[in-house]
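First the structure, in the form of structure tokens, and then the observations on it.
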């Protein structure tokens, strides 16, 4: 979808009734006086070429299997992640599907959107409450609850609908009304449309060469997918950049796998964090199995180094391989302008967390040995998982070049729709959606102004 189409949606939103406001005494979008907006129309009445939200979202439980509880091992966690869906987050049809979802949600916005659930609403299984029908209507409008289940107290049907909603929003699948679930339910439809618009705009600026096999990291979702023949065959939890050190979006090629890697500390980290540690504790480097090297890789006495942090380091800090290494046992090489990569970690317990924004920009991958085996298996069958484990156990540094490079994309999608018409949303953790839409609007305004300038009209004659 071109920018003008996005702007057309934005214009329609500007004239749509705000959520919670009346569109008129008898209007379909009337939500005044406690009246909730009408449910989404049946598919036959949706605008031609669009996807109805009730079908864009997972009305069918098979479209959004309930998330498994956090598992204790990397293998269990990656298996649970893969069980959610085999549909890729990013493929050649993603942009078109996001466009369809944006148009469908825009139609829903014009008709009043969905109702807000009171912040103090209480829900308990089998216990009738004043907001039960309101919750059911909210879930029905978004397609998480079947149309024939519009009334009644909180029961197993509602719990399953909440689970589907939670899965689509990257929340723990509890089936209960958690604070985060309530907050996600009450995000206005206008904001969801903006997320779809921003995600679509980003994809329009990418030129990713999809191959038969490729890897995608969606930063807001904190998951990596290994895609083969248009199906996700591996999915892993990842830890990506902190909000103050966001991971970049990029397109690159995976060129090799390093077992038992050393870690060359980025100069920015050496200047700030390492220097701070050394000022407080001169024995820090020794304890962390780090050494200081000059420009020719010759060792330098750490006590002879200026650790004030006032200047850019004229030395290199390198951590030896081993159990203490920050990169863990595996590094995946993918040359790019940002000098980031995918790797293991020596803090694998952090993969059990729901909030996984804790790196300096690289992507730490749960069960990364499995990903390494997948990368190597097609061209180098000898490098199966057992062989990788055995090589790591030797403690020897080993670099394995891929005979055939594998495309990789780090993307920033806070909203997308998969081929089974499940619409997914994630938090805009880096606050990039609004910035992008503002920049796009400013650019469009500039060109509109230029198009209406008398000189432009004269030149067009």
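From the backbone N, Cα and C atoms, a Cβ is placed for every residue, glycine too.
Annotated signal peptide per TrEMBL: 1-20, in sequence order.
The annotation region 'Disordered' is assigned in TrEMBL to 24-80.
The annotation compositional bias 'Low complexity' is assigned in TrEMBL to 46-74.
Feature annotation from TrEMBL assigns domain 'L,D-TPase catalytic' to 213-389.
According to TrEMBL, the active site, proton donor/acceptor annotation covers 343. Residue 343 (active site, proton donor/acceptor) falls within a strand segment according to DSSP.
Look at TrEMBL and you will find 362 tagged as active site, nucleophile. Around residue 362 (active site, nucleophile), the same-chain residues at least 6 positions away in sequence with a Cβ under 8 Å from its Cβ are 241, 247, 340, 341, 342, 343. The DSSP secondary structure for residue 362 (active site, nucleophile) is coil.
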What count of other C-beta atoms do you get within 10 angstroms of the C-beta of residue 343 (active site, proton donor/acceptor), across all chains shown? 23
